[in-house]
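Written below as structure tokens is the structure these notes are about.
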Amino acid sequence: MAIMRKSHPLMKIINHAFIDLPTPPNISGWWNFGSLLGLCLVLQILTGLFLAMHYTSDTLTAFSSVTHICRDVNYGWLIRYMHANGASLFFICLYIHIGRGIYYGSYLYTETWNIGILLLFLTMATAFVGYVLPWGQTSFWGATVITNLLSTIPYIEQDLVEWIWGGFSVDKATLTRFFAFHFILPFIIAALAMVHLLFLHETGSNNPMGIPSDCGKVPFHPYYTTKDFLGVIMLLMLFLTLVLFFPDKLGDPDNYTPANPLNTPPHIKPEWYFLFAYAILRSIPNKLGGVIALVMSILVLALLPYLHTSKQRSLSFRPLSQTLFWVLVADLLLLTWIGGQPVEPPFIIIGQVASILYFLILLLLMPMAGLIENKLLKW
């Protein structure tokens, strides 16, 4: 078997990626989230496939088909809640994965990092179109509000919005195409994840010290397969607790009301994992400015490799930058909270200050802290 795993064309690829892969000996639990994201993706594709067998993408029957899945299909309620909460789990792992990349300077592997940003955009798009499918109140109005943001693009605004809608409002054509997008995008994400891994394995993994570890690498199996398996067990325990005890904790009660174009819900807000971006969008009174800020809140990550001023890669030995990093985390939690609040004082000003601080930390304060730390260390 040992010979076959190294000689067989197909087994050889798996061997180089997951068995004999040279890995730094000191990578911590924060490196588990890549494999956990892979698990989440597989889980979402499988549960989604079973849901698609019973779902109908028609405005008249979409809501009742979801009800049918929960009531009449064997374990349909479980599959539906696993899929809905699996998205939340996916984004928790995704944000921790990105946070680890920022903390330990993994963004200096620019190809891997940029494909990661593309994966983030695609995952957000998939989650958005998926949220529209149950055709509840928040589904319908969320789709209306977010697709309307495209009307800020000069000259082609009306044509573009109507093209996305497939008519003059969010209706049957919109739901059908969103279902098609929601079905195909995870497979594109899976293909891009392979490319993400391909580029990562060209350079090898980073480590908490941020220094080359070529002289002391260990094989991925059994060390990190075992470690990843521990992460998988812990994640599944958290996931099953959420699904079986608090399935609706992260959802919106308004989505249990069928979509009604004549009745606007009092507060239209996206799922919790988009609230930080939604808060940044709302913090700017101008529509076009808000959309630019929304896109830049993610695209700003692509600038990190070019704003790295420190002579050290990781934040492990840089207390100033560490402080800024944790302020950034607190700021994002604050933005998430603000995104779920109504647009009224004092939430408006808190959201604006938090949005400014977000961009200020990433674009100005972190690079400045890197330069100051270089001076302090006499480098």
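Cβ from N, Cα, C; glycine included.
These come from Swiss-Prot:
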- His83, His182: heme b b562 binding site (BINDING)
- His97, His196: heme b b566 binding site (BINDING)
- His201: ubiquinone binding site (BINDING)
- 33-53: transmembrane segment (TRANSMEM)
- 77-98: transmembrane segment (TRANSMEM)
- 113-133: transmembrane segment (TRANSMEM)
- 178-198: transmembrane segment (TRANSMEM)
- 226-246: transmembrane segment (TRANSMEM)
- 288-308: transmembrane segment (TRANSMEM)
- 320-340: transmembrane segment (TRANSMEM)
- 347-367: transmembrane segment (TRANSMEM)
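Features recorded in Swiss-Prot, as mapped to the structure shown.
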{"residue": "His83", "record": "heme b b562 binding site", "contacts (Cβ under 8 Å, 6+ apart)": "Gln44, Thr47, Gly48, Leu51"}
{"residue": "His97", "record": "heme b b566 binding site", "contacts (Cβ under 8 Å, 6+ apart)": "Phe33, Gly34, Leu37"}
{"residue": "His182", "record": "heme b b562 binding site", "contacts (Cβ under 8 Å, 6+ apart)": "Gly48, Thr126, Val129, Gly130, Leu133"}
{"residue": "His196", "record": "heme b b566 binding site", "contacts (Cβ under 8 Å, 6+ apart)": "Thr112, Ile115, Gly116, Leu119"}
{"residue": "His201", "record": "ubiquinone binding site", "contacts (Cβ under 8 Å, 6+ apart)": "His16, Ala17, Leu21"}
TODO: Take the transmembrane segment (113-133) and find every residue of the same chain, 6 or more past its ends, with a Cβ under 8 Å from one of its Cβ atoms.
DONE: 55, 57, 62, 66, 87, 90-91, 94, 98, 101, 106-107, 139-140, 142-143, 146, 174-175, 178-179, 181-182, 185-186, 188-189, 192-193, 195-196, 199, 270-271, 273-274, 298-299, 301-302, 304-305
- [ ] For the transmembrane segment (77-98), could you work out the same-chain residues 6 or more beyond its ends whose Cβ comes under 8 Å from its Cβ atoms?
- [x] 30, 33-34, 36-37, 40-41, 43-44, 47-48, 50-51, 66, 69-71, 116, 120, 123, 127, 130, 235, 238-239, 242-243, 247, 250-251, 271-273, 301
- [ ] Given the cut-off of 8 Å on Cβ pairs that are 6 or more apart in sequence, determine whether the transmembrane segment (178-198) and the transmembrane segment (226-246) share at least 3 such pairs.
- [x] no
Open item on the list: Please report the three-state DSSP label of His182 (heme b b562 binding site).
Closed with: helix
